[in-house]
């Protein structure tokens with residue numbers, strides 16, 4: 001974990017990873033982060049494949065928050081995967097509201113800068129505008145609850161384009177942002193594997209920069225607040241969400257180097273969600289730092 005003493009000493013793009021927290025946010029999560037030499041961290045605050053909304057451990061929360069602040073380590077929460085505000089099932093939508101509210105409140109408690117949520121899909125054979133109207137009805141009130149200075153941003157993460165995805169290509173963020181009134185607490189988490197799988201070929205001399213240009217054209221400057229840096233086991237446009245270690249997949253190293261030179265990514269942390277255990281994660285963090293630092 002970074003030991004930088006002030007934000008001015010942070011690298012252009014802090015590089016870190018998603019860390020396990022079973023046993024304690026601070027005692028387990030940040031210990032793992034230190035072994036990765038992570039400069040940024042992402043955590044779950046609930047079972048990512050369930051609906052439970054557990055209370056935090058105040059001592060662990062405080063220790064985590066203080067350690068991240070002292071080390072200038074940006075922290076993020078990833079909301080559970082089951083959340084889908086576009087679902088045709090009322091119970092799923094209601095649970096999605098409570099689950100995301102829990103993640104946002106827990107995010108504030110631990111000092112997280114953002115809470116990442118998947119953009120979901122229009123289930124039940126419904127048209128996208130119908131599902132987006134439902135997204136507005138249920139997600140916008142949650143954004144309006146973010147009235148504290150230390151509330152996290154809500155970061156939308158697009159999908160690989162499977163099924164009736166509401167948001168997979170860069171331009172799909174447009175209708176999503178419009179549905180949510182381009183709320184000031186709304187941002188984007190760009191997953192490189194997802195956007196590649198959805199059809200944006202990031203390879204080649206300008207693939208990454210062109211994709212980032214499209215994103216900025218769609219949502220405006222300053223909305224990109226986190227990057228999930230993952231290579232892809234599958235080719236561009238395969239619509240498969242299968243992450244690979246950095247440089248070992250179809251994206252390759254060069255696009256990640258290019259990513260860290262685009263104006264839109266200045267100051268934006270990179271978090272890996274790649275396969276393997278601690279050793280592989282540490283290698284991916286080191287590889288991205290090397291690409292960043294030249």
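Cβ coordinates are placed from backbone N, Cα and C, and glycine is handled just like the others.
The record from Swiss-Prot ties 241, 243 to Zn(2+) 3, and of the options 183, 194, 200 it ties 194 to that site too. Summary of the site annotation: Swiss-Prot records Zn(2+) 2 binding at 157, 228, 273. Screening the candidates 61, 191 against this entry identifies 191 as the one listed for that site. Per Swiss-Prot, Zn(2+) 1 is bound by 78, 157; the candidate from 102, 118, 209 named for the same site is 118. Annotation for residue 241 (Zn(2+) 3 binding site): spatial neighbours 159, 160, 162, 193, 194, 197, criterion Cβ-Cβ under 8 Å with sequence separation of six or more. For the binding-site residues shown (157, 191, 273), fewest C-beta neighbours within 10 angstroms: 273.
For the recorded Zn(2+) 1 site, residues 78, 118, 157 set the reference point as the centre of their Cβ atoms, and the other residues of that chain within 8 Å of it by Cβ are 79, 81, 116, 117, 155, 189, 191. According to DSSP, residue 194 (Zn(2+) 3 binding site) sits within a helical segment.
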